[in-house]
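Participant: Annotation source Swiss-Prot lists active site, proton acceptor at 22. Among the features that Swiss-Prot reports, active site, proton donor is placed at 99. For 73, 79, 86, 100, 101, 110, the entry in Swiss-Prot reads substrate binding site, with the evidence type sequence analysis. What Swiss-Prot lists as site 'Transition state stabilizer' is 17, and the listing cites sequence analysis.
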């Protein structure tokens, strides 16, 4: 089983950016924890981070060639990107949307997700555990 992990804009700044909201773990720390969990499931993970909406759309469109599912933190594009939503709808791979912070406890504009209606589920507010829970759920869905 192969899973693509997509990280949206500004997540390359994790560990430095607003640690009171996003915590102190770096993106490498998160990827390392996901890699360890992937090994438990005998799964290969691919990782991609971009601040560019188009690059993320390209990665989504190419995913069916090599991956069985997607774990995505679309970050700010959660609330704005019809392009990401349409790309995910077009390819038909199962995906889980994750967020480090609870987007529903934050500013009003962060409460809406264009992706959530298409996702297997959305997990938010648990920091690193949002990613780990999302990956476990995706593994279980694909296996069953």
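Placed from the backbone N, Cα and C atoms, the Cβ positions cover glycine too.
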Participant: For the recorded positions listed here, 17, 79, 99, which shows the highest count of neighbouring CB atoms within 10 A?
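Facilitator: Neighbour-count leader: 99.
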Participant: Would you pick out, from the binding-site residues 73, 101, the residue whose Cβ has the largest number of other Cβ atoms within 10 Å?
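Facilitator: Comparing the binding-site residues 73, 101, the most crowded Cβ belongs to 73.
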Participant: Could you state the CA-to-CA distance between residue 17 (site 'Transition state stabilizer') and residue 73 (substrate binding site) to the nearest Å?
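Facilitator: Answer for this pair: 16 Å between alpha carbons.
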Participant: Looking only at DSSP and grouping its letters into three states, which state does residue 86 (substrate binding site) belong to?
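Facilitator: Going by the DSSP assignment, residue 86 (substrate binding site) falls within a helical segment, counted as helix.
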Participant: Take the Cβ of residue 86 (substrate binding site) and count every other Cβ within 10 Å, whichever protein chain it belongs to.
Facilitator: 14
